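Chemist: Here it is, the structure in full.
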Ligand SMILES: Cc1cc2nc3c(=O)[nH]c(=O)nc-3n(C[C@H](O)[C@H](O)[C@H](O)COP(=O)(O)OP(=O)(O)OC[C@H]3O[C@@H](n4cnc5c(N)ncnc54)[C@H](O)[C@@H]3O)c2cc1C
Ligand code: FES
């Protein structure tokens, strides 16, 4: 059973889309490395209509004695419409994600969504470069799927503390992305090395869209790079959330607004409802 709601039209808030309380059956929920688990669920059609960058607000079972009253936001890692499945890649951090880790095959996951504004790939994009770190890699993978399907080349730069913590590499390669790995222990994940890498990639084949998630440092780097070369770009932001439906304002953050006459002001927007994906130039870190 799913309870369906429709996002009302709001000036400037994007298109309407259906949001449902989806009762999904767990297919598997296994460790992929020492910190992250991959959760695969059978999902109904409304959930499978999700777009890259949108997320679900997950009801997490209790972790031992303590219940989890609030849902926890989780990006979609993969939408497998053929199998009718959604994949979530999550880091086990606190009470909510520890509760999520207790779910096993055949259990039910209550997933509210899909929620939010996802990535918007400009028409005619030829070369997408995405840089993700940590769990940011989970969020970017569906964008690679969409970009390759739209005929664009995708270069995915995956950053992690060490190679054993990298995720999504195989999925990205099998989706047709060129994968470049940088790690702290090898010493090529600092911003100076990454900026040099971006310049080389751009010189080799001009980049016309950049995307990132999971790191303020990487977001700043891409803001500077995209401004210098006039490249469009977006970032998927993370913020603590309450309702995830635009009603409680727990998730507001400041953003730069530019008026028609070029005047710049700062205003607050809801990460859950107006995002979580925002244009790089609007994002205040
Ligand atoms: C739109 C969105 C998409 C997300 N997608 C993913 C994903 O695909 N995979 C994934 O592992 N995590 C994702 N997150 C973060 C995830 O929601 C939090 O890790 C989770 O809510 C933590 O809950 P918890 O009860 O386990 O930990 P808590 O006990 O609540 O917190 C444990 C630690 O996690 C930090 N934390 C909690 N919530 C957030 C948050 N929203 N953003 C950043 N840090 C947080 C806390 O500061 C604390 O250090 C996403 C967050 C948002 C807003
Ligand atoms: S979490 Fe309630 S408005 Fe965003």
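The count begins at 1 with the first shown residue.
Keep in mind that glycine also has a Cβ here, set from the backbone N, Cα and C atoms.
Annotations in TrEMBL come from automatic prediction, not curation.
As annotated by TrEMBL, FAD binding site applies to 72, 73, 74, 75, 96, 97. According to TrEMBL, the [2Fe-2S] cluster binding site annotation covers 243, 248, 251, 272. The domain 'FAD-binding FR-type' annotation in TrEMBL covers 19-121.
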Chemist: According to DSSP, how is the domain 'FAD-binding FR-type' (19-121) divided among helix, strand and coil residues?
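Modeler: Within the domain 'FAD-binding FR-type' (19-121) the tally stands at 10 helix, 49 strand, 44 coil.
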Chemist: Taking the Cβ of residue 96 (FAD binding site) as reference, which residues of that chain separated by at least 6 in sequence fall under 8 Å from it?
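Modeler: 58, 60, 63, 68, 70, 72 - these are the non-local Cβ neighbours of residue 96 (FAD binding site), listed in sequence order.
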Chemist: Who sits close to residue 251 ([2Fe-2S] cluster binding site): which same-chain residues at least 6 apart have their Cβ under 8 Å from its Cβ?
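Modeler: Residues satisfying the criterion: 239, 240, 241, 242, 244, 270, 271, 272.
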Chemist: Which one is it: of the binding-site residues 74, 243, 248, 272, which Cβ has the fewest other Cβ atoms within 10 Å in this structure?
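Modeler: Sparsest of the binding-site residues 74, 243, 248, 272 by Cβ contacts within 10 Å: 248.
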Chemist: Which chain neighbours of the FAD site, leaving out 72, 73, 74, 75, 96, 97, have a Cβ atom within 8 Å of the mean position of the site's Cβ atoms?
Modeler: 55, 57, 58, 60, 71, 88, 90, 100
Chemist: Looking only at C-alpha atoms, tell me how far residue 243 ([2Fe-2S] cluster binding site) is from residue 73 (FAD binding site), rounded to the nearest Å.
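Modeler: Between the alpha carbons of residue 243 ([2Fe-2S] cluster binding site) and residue 73 (FAD binding site) there are 10 Å.
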Chemist: Taking the Cβ of residue 97 (FAD binding site) as the reference point, list residues of the same chain whose Cβ is under 8 angstroms away and which are at least six residues distant in sequence.
Modeler: 60, 72, 90, 91
Chemist: What other residues of this chain sit with their CB within 8 A of the center of the CB atoms of 243, 248, 251, 272, the recorded [2Fe-2S] cluster site?
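Modeler: Neighbours found: 241, 242, 244, 245, 246, 247, 249, 250, 270, 271, 273.
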Chemist: What's the number of neighbouring CB atoms sitting within 10 A of the CB on residue 75 (FAD binding site)?
Modeler: 27
Chemist: Can you tell me which of 97, 251, 272, our binding-site residues, come within under 6 Å of ligand 2 at the Cβ?
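Modeler: 251, 272, by Cβ distance under 6 Å.
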Chemist: Specify the nearest of the binding-site residues 73, 74, 75 to residue 248 ([2Fe-2S] cluster binding site), where nearness means the distance between Cα atoms.
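Modeler: Its closest listed neighbour, by Cα, is 73.
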Chemist: Helix, strand or coil at residue 272 ([2Fe-2S] cluster binding site), per DSSP?
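Modeler: Its secondary structure by DSSP: helix.
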Chemist: If you check the binding-site residues 243, 248, 251, 272 one by one, which have a CB less than 6 Å away from any atom of ligand 1?
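Modeler: The ones that qualify number zero, so the answer is none.
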